[in-house]
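Asks: Pulled these from TrEMBL:
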SIGNAL    1-24  signal peptide
TRANSMEM  226-248  transmembrane segment
TRANSMEM  289-317  transmembrane segment
TRANSMEM  323-347  transmembrane segment
TRANSMEM  359-384  transmembrane segment
TRANSMEM  390-412  transmembrane segment
TRANSMEM  450-469  transmembrane segment
TRANSMEM  481-502  transmembrane segment
TRANSMEM  514-537  transmembrane segment
TRANSMEM  552-579  transmembrane segment
């Protein structure tokens, strides 16, 4: 336990170091009149496909000479950000009116590229003093005819920047495209374009500390989220009262039945869950895989808790580029020792001997599917030449983090778990010959039980999942981390209660194979989440194309798999505590 505490303290200190680094790396954002304010062009892409983004200067816009690439952190690269110096020069408090940025002659191929981009609702993203803003390439004018060939395509060439400041700091930036300054790119002939821009400044009294408030969720959206959270809380209270009442009554009757008149009870054949006391603690099949899954689930639960801590601290403020992904990589590497300790310790409690093989299985159970998925999706990204394709240097960095940080921590945790000498605390002796499981009705078998176990927890969180999907796979900003944490706690409690209830009914039917069943029932919410992905993709999003589809379903498969392992570990731990408690309360021969 002392080693676990030391590991958790180390992770907490590393997380706080990341927070300090993120905050200290930012400039003070103070400028004098005439100072150039940094403007970076990030990426472009179709509005409906958030993962299909390209470099800004893959299109023939005005470019500064020479192009200066902004040095980016690991999380920014993983997020697909590729910031370079922007095409417009904006000086602090210096206004400009229809300033010529550059003059370009677009070839027929470039005109065709712009026309295709406009038809797909391409947008661009830039950062001005670390404040993001967006704009569309152009507009499509349909003269009332259904035939797409009759549409007119116009390219915007004149953005108007409205910048708000407070003393010597930039507070807000808005950009609108001058719809009168457009270029017709409908035809297939070369076009001359004069790219220009206008800059206007206005002073306001909004403090610098609140300049990101405009990017946060609106009050009406928060009210909806709080209402859904309240609905989940009511569901949880009703479920808790229902299960507690039923289980307490049933268990009370069972305890009275088993304790009443022990002499007569010894003469009668035992029934119910007491009859399988000699088999209920029989170790599960594939115990190395079971211990590895339990270790990975414990690590993922720890990662989730640390992520929530960083969110409450304020690290993940709106458009802190790559902070979440950086935190995930760092915390995953530092918590690998927890997975090794939990897996090896439980494996040794199950009288396993090949602890080295168990560690290898633990290290590959989560990383293996992630690695295979990443290789495929990164190959797709390279083929499409999108910014989601990771550079070779970034891949090397991730490999070194895994090889030099994650793997050693995994081994150290495994050694600590092996040397912990913990024993499996079974209140009943296990018989040599396993008892036959009686035939069960179809609704008591594994698949129906999994379906019942995952439906209620998912129904309590599906509204919040929609907002998360709209943020991760859309353009909404998610900032209500307190609500998310409450929903997460609700999810854990409902998962534990449902799994415990199903485990009891399984034991009451004299089915002692509850180990894997409890893990699968607990993790079944992850399967419902993945099923929801198909509904969201087809009914709630505008995503299309092979690249975006493969990214969505590929990475969501990894995320849902992680939820399966984490909630499966929660469900099993709750069931193990419950089973130990009820068998300690009776007299077992």
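Heads up, the Cβ atoms here are built off N, Cα and C, so glycines get one too.
Give me the local environment of each listed feature.
Replies: Tertiary neighbourhood of the transmembrane segment (359-384): same-chain residues 52, 288-289, 291-293, 295-296, 299-300, 336, 339-340, 343-344, 390, 402, 406-407, 410-411, 414, 546-547, 550-551, 554-555, 557-558, 561-562, 565, selected by CB-CB distance under 8 Å and a gap of 6+ residues from either end.
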Asks: Counting only CB pairs under 8 A, let me know which of 226-248, 323-347, 390-412, 514-537, 552-579 has the most with the transmembrane segment (481-502).
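Replies: Out of the listed stretches, 226-248 contacts the transmembrane segment (481-502) most.
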Asks: Same chain only, please: residues at least 6 beyond the ends of the transmembrane segment (226-248) with a C-beta under 8 Å from a C-beta of the stretch. Say none if there are none.
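Replies: Residues 456, 459-461, 463-464, 483, 486-487, 490, 493-494, 497-498, 500-501, 504 contact the transmembrane segment (226-248) from elsewhere in the chain.
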Asks: Can you find at least 3 Cβ pairs under 8 Å between the transmembrane segment (514-537) and the transmembrane segment (323-347), where each pair is 6 or more residues apart in sequence?
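Replies: Contact absent: fewer than 3 Cβ pairs fall under 8 Å.
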Asks: May I ask for the residues of the chain that lie six or more residues beyond the transmembrane segment (450-469) and have a Cβ under 8 Å from a Cβ within it?
Replies: 221, 225, 228-229, 231-232, 235-236, 239, 476, 478, 480, 483-484, 487, 490-491, 494-495, 498-499, 502, 520-522, 524-529, 532, 536, 540-541, 567, 571
